[in-house]
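*Asks:* Okay, here's the structure, questions in a sec.
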2 protein chains.
Amino acid sequence: MAKTKKQPRPKAVTPKGFRDYFGPEVTRRQTMLAQIARIYDLYGFDALETSAVETVEALGKFLPDVDRPNEGVFAWEEDGDWLALRYDMTAPLARVAAQYRNDLPSPYRRYTMGPVWRNEKPGPGRFRQFYQCDADTVGSASMAADAEICAMLADVLEAVGIARGDYIVRVNNRKVLNGVMEVAGLGGDDKEAERGIVLRAIDKLDRLGEHGVRALLGEGRRDESGDFTKGAGLDPAAADVVLGFLSAKRESDTKTLERLKELIGDSEVGLEGISELWEICDLCYEQGYGDDRIVIDPSVVRGLGYYTGPVYEAELTFEIMDEKGRPRQFGSVAGGGRYDDLVKRFTGQEVPATGVSIGVDRLLAALTAQGRFEGAAEGPVIVTVMDRARMAEYQAMVSDLRRAGIRAELYLGNPKNFGNQMKYADKRNAPFAIIQGEDEAARDVVQIKDLKLGAKLADDLSHEEWRDQPAQFECPRADLVTEIRKRLG
Amino acid sequence: MAKTKKQPRPKAVTPKGFRDYFGPEVTRRQTMLAQIARIYDLYGFDALETSAVETVEALGKFLPDVDRPNEGVFAWEEDGDWLALRYDMTAPLARVAAQYRNDLPSPYRRYTMGPVWRNEKPGPGRFRQFYQCDADTVGSASMAADAEICAMLADVLEAVGIARGDYIVRVNNRKVLNGVMEVAGLGGDDKEAERGIVLRAIDKLDRLGEHGVRALLGEGRRDESGDFTKGAGLDPAAADVVLGFLSAKRESDTKTLERLKELIGDSEVGLEGISELWEICDLCYEQGYGDDRIVIDPSVVRGLGYYTGPVYEAELTFEIMDEKGRPRQFGSVAGGGRYDDLVKRFTGQEVPATGVSIGVDRLLAALTAQGRFEGAAEGPVIVTVMDRARMAEYQAMVSDLRRAGIRAELYLGNPKNFGNQMKYADKRNAPFAIIQGEDEAARDVVQIKDLKLGAKLADDLSHEEWRDQPAQFECPRADLVTEIRKRLG
């Protein structure tokens, strides 16, 4: 027989830029997604789940972000067709809205949640697969659709556990921005590139400050690494107009809107934008959302080119410590706005739509930063194995506990070394270990070891004292479930 | 300016073999996954979520099914690495168990749920993306691990709504099968191909009947299309041994195991298999699972080559009508078994493991076939728009309903045509429509239209009579929530 050549062993690694999620990392996200879905449902949104795979043609090939053209998706050829993993939830929605346009209700309110994939250089905290959780209304031109999504966003944040006062939903309108562009002399059809530069510059206000943004509005900006970003070429007076607009926020929505009106002059599109913002304000107030929760803020732009009307984002306003120990605001966890051209790509027909995307992983990080998940998740009660011949009896104990709704398991490793069983219980973060040796079996009792109390006592006391403490006690086998239930509280 | 050439419009289509899921199709599956997760958690299994993407190297390139070699995954090259979408949940588990072997508890019990992708020819009801929901115990050689998964499988089926008596978990052991192979003269190292043919033949017993299986055990079988499948080459006496084994099931587990012992002679591996089955039986009985729920059945093989010990599957035993209106049993919805070599691929070390995979979509289909989801899902209460200037007041009604936990929405389409609003309410399956025109607003009342009652009356009565029926009534605006809540029950 010919010897088969030995294959080298495959490497057990997660692909670059991807990661694995364990235990509570998974269940916390699931819980959060369910909380969000409950609110979306209450607002009349219907679930939609498209497949992870789309034709490249339907996706439009590119991320909708001008900073990263011509790449960004994982794609492959299949029987002559190019397929790709979705990079967001909006492109598949546009495809669905076009494909089923004769069957779907109009307006169509849908929510969706799931992973999206980006073929980008991974970095710290930047992964190539992450969750999005979107809600969109397709086929409504009414500002009530936008106002509703802002209100829903506030409700969602409270539902997942962000306290009122710890978040703010900020609203702006691209039409107002376009009006400002007109006033600043960037109104023409030939100025689209410059307008893009202005939008992206404004979006970086938080990060670059007024000085950096002013550079980008003018000739351009050289960053710390020496790289040069070309600016919009505005003269200082025009840059002042734009910056004046960014700082137009006043102590109330009414005052902010009045200030915007002063700045916008007689730009028709700008005035239309202001009127839409008034409408959203009214609708939110009437539903009980004051400007402590939903506020007009002219500095919000949202980077994506495709927005055409209201834009909104949810920001968490509490402070956390950054890597260098300095306090900073947590920042944006969700954003969206109105877009009209996505369905048109397929059908030629303009369909007004507005929607929001929640960054689930960032929101989880926020709750973690607030200490919401402190204290390790409770593990199962572990029934140890003292006598291999009595596995069925041990298994029956586990079964009794489970039937009472108590998370429990039998130690299934090699039971020879009892120390290993206790180490296992420790690693599982088990609250109790159940022990029944020959002696206990003869007397029909079990030993219950309170591992939390044991750990606490072990911290406080010497080993000898600890052994005499009631962190371990005996009870009749028949009382096992009652005793554990009592102690789990 | 140069004219840009018009691009043809992209086609709005789901890629071939993929599908979209709408509304209740999504939420029913989510509900079922949550029910399954609750049971898995109760049994001490921890959640794991790996990314959809793995290196082709880690996946092992191929589906583990010998019928479909050398294909079956969606793969692409990325910076010199070949990446692919996972085709099941077991290969990623093996990778994780190897990669984190120093950090994970041992035994490691994990559950996972999510889509997997198969690059196969799509067919009716066969999609290239579908859900799996797995639970595995890695690092335990104990039969208690297998028995536990069988018990858990029974609990899961009851938790999702399959009645006791409508399902059976059938258990067998590959070692017993290997013993039978020895008895039938297929024991040698050079007979692996033949053993594979026998396994796959047995697995088709349901579909081909004894006659078809006998052909596959012998020279081979020509199917209706004329295609010939090569057989295992057993002589009729040897084929009898195998077929005798398949029909060894008796009226109780005890009798079945005794019968198996008669058949197996002195095959060492066969006797070991029988002893393992005895052990599983005992452990199940002790936990309260009799052979009305978990039964030894020698005809179970599970097609996959990698199983090394106990194999099990869950079958739904109630009858449904097939496409031709003939009653047939629903069949298998979950299966699994013990495998020892998957982690070894990475580390060289054999790690005993056992686990089950639930076919979530088939299980949903079963509940649907049982009529579990009959009656369309309830839609939201629709507040109609009679007067565009009073949107904020309408929105406030919606808001009041939602605050009371009632799913509700404002009609956000063009309100000009009231008929369209009612058609929309109908399409959304709304239980009630709320109407407030100028007159009602002046009197501070609303009209509530009971759409279900209206539809019912419309079926029974003439149009004239229907108009006088109390399917529409008036109530003070302040009582809106109370009235709706009362009627929703």
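Backbone N, Cα and C atoms are what each Cβ position is placed from, and that goes for glycine too.
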*Asks:* Suppose a student reads TrEMBL and sees A:ASP88, A:MET89, A:THR90, A:GLN132, A:ASP136, A:ARG302, A:TYR306, A:TYR307 listed for L-histidine. Which of A:ARG118, A:ARG326, A:ARG328 should they find annotated at that same site?
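*Replies:* Matched candidate out of A:ARG118, A:ARG326, A:ARG328, per TrEMBL for L-histidine with A:ASP88, A:MET89, A:THR90, A:GLN132, A:ASP136, A:ARG302, A:TYR306, A:TYR307: A:ARG118.
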*Asks:* Would you count the other CB atoms within 10 A of the CB of A:ASP88 (L-histidine binding site), including those on all shown protein chains?
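*Replies:* Around A:ASP88 (L-histidine binding site), other Cβ atoms within 10 Å: 18.
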*Asks:* Calculate the per-residue pLDDT averaged over the domain 'Aminoacyl-transfer RNA synthetases class-II family profile' (A:29-380) and state the result as an integer.
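*Replies:* Within the domain 'Aminoacyl-transfer RNA synthetases class-II family profile' (A:29-380), the model's average pLDDT equals 89.
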*Asks:* Secondary structure at A:GLN132 (L-histidine binding site) (DSSP, helix/strand/coil)?
*Replies:* strand
*Asks:* For the binding-site residues listed here, A:THR90, A:GLN132, which shows the highest count of neighbouring CB atoms within 10 A?
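*Replies:* For the binding-site residues A:THR90, A:GLN132, the Cβ with the most other Cβ atoms within 10 Å is A:THR90.
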*Asks:* Taking the residues A:ASP88, A:MET89, A:THR90, A:ARG118, A:GLN132, A:ASP136, A:ARG302, A:TYR306, A:TYR307, which the record names as binding L-histidine, find the longest CA to CA distance and state it in Å to the nearest whole number.
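*Replies:* Spelled out: the longest distance between any two Cα atoms in A:ASP88, A:MET89, A:THR90, A:ARG118, A:GLN132, A:ASP136, A:ARG302, A:TYR306, A:TYR307 is 21 Å.
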*Asks:* Including all protein chains shown, what's the count of other C-beta atoms within 10 A of the C-beta of A:ARG302 (L-histidine binding site)?
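*Replies:* Cβ-Cβ neighbours of A:ARG302 (L-histidine binding site) within 10 Å number 19.
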*Asks:* Are there any residues at least 6 positions away along the chain from A:TYR307 (L-histidine binding site) with a Cβ closer than 8 Å to its Cβ? List them or say none.
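*Replies:* A:ARG174, A:GLY337, A:ARG338, A:TYR339 - these are the non-local Cβ neighbours of A:TYR307 (L-histidine binding site), listed in sequence order.
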